[in-house]
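Enquirer: Next up is a structure, given as structure tokens.
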Amino acid sequence: RIMRPDDANIAGNVHGGTILKMIEEAGAIISTRHCNSQAGEPCVAALARVERTDFLSPMCIGEVANVSAEITYTSRHSVEVQVNVMSENILTGAKKVTNKATLWYVPLSLKNVNKVVEVPPIQYARKEQEDEGKKRYEEQKLDRLETKQRNGDVILPVINPEPHTVGYSQSSLIHLVGPSDCTLLGFVHGGVTMKLMDEVAGIVAARHCKTNIVTASVDAINFHEKIKKGCVITVSGRMTFTSNKSMEIEVFVDADPFVDEPRERYRAVSAFFTYVSLSKEGKPLPVPQLLTETEDEKRRFEEGKGRYLQTKAKRQAQMQQSAQ
């Protein structure tokens, strides 16, 4: 579809959350189609995880986004989907790849939202494809478990914070989940949640550097539990790490069952977003150094630095392989 002004920021760059929402819609369509391709219990595919995705180039107002999806692996109860996003300038015909993403879906029964149904297997062109897919499946399953175990943090308000501290830029958004946010089963679309997360992360980044910012990448997004219609969700973001030209922001979503639910608040989604600061001409700008004050902030900064260096090393290794 064509990108409109309400899809973009004040500089005319399409919001990362808008692109993530389109990616998730494509993944949900293809995985739901596949899971209902054989006789069996009707179901809807629910997003469980998005692997790291890089925003390779910005998309602008007036360009056409082409989103394509392909199923690359199936386990007994999950589907791996590869999604590519390409932007097209309809005036010049120029095309470029802007995003590549890997998503994992779980099919849930239409009759019982808590029942996971079996996934029809796909045919692989080579045995190696199945083996590689199984390896990716085991890795993401382990990472989801580890991420859920460290999800106890909360963000508390800070009185009169100093500029460039964690408390100065941290932000929260409260949203009542309505019918338009939900799937046929009455729980929130993964794409809706990711769009809200990107919005909060963008506010944190803009508060920190006071410039135009764009989403550079999103680390793995883990959907720990479903969010039902009628819940009040709190989307919270805080700066964890800054390099010379990038900012890492931790974002998590907590859900409060609001209607006819005795359950207490729970952590539903968590992820790390990376942003860069841009000038009016679209050139990268230096990012102010994050000032850490508490031991927890210093620990999170070092953890973020480790993720940053690891990603940088992987990128350099890929560039060397491409050069060879």
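Each Cβ is built from the backbone N, Cα and C atoms, and glycine gets one as well.
Curation does not apply to TrEMBL; its annotations are automatic.
Sharing the record's features from TrEMBL:
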type	residues	note
ACT_SITE	ASN9	active site
ACT_SITE	ASP198	active site
COMPBIAS	296-306	compositional bias 'Basic and acidic residues'
DOMAIN	1-111	domain 'HotDog ACOT-type'
DOMAIN	167-281	domain 'HotDog ACOT-type'
REGION	292-324	region 'Disordered'
Enquirer: Test of understanding: give the count of other CB atoms lying within 10 angstroms of the CB of ASN9 (active site).
Expert: 17
Enquirer: In the domain 'HotDog ACOT-type' (167-281), how many residues does DSSP assign to helix, to strand and to coil?
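Expert: So the domain 'HotDog ACOT-type' (167-281) is made up of 26 helix, 54 strand, 35 coil.
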Enquirer: Between ASN9 (active site) and ASP198 (active site), what C-alpha distance do you get in Å?
Expert: 12
Enquirer: What number of additional C-beta atoms lies within 10 angstroms of the C-beta atom of ASP198 (active site)?
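Expert: Summing over all protein chains shown, ASP198 (active site) has 26 other Cβ atoms within 10 Å.
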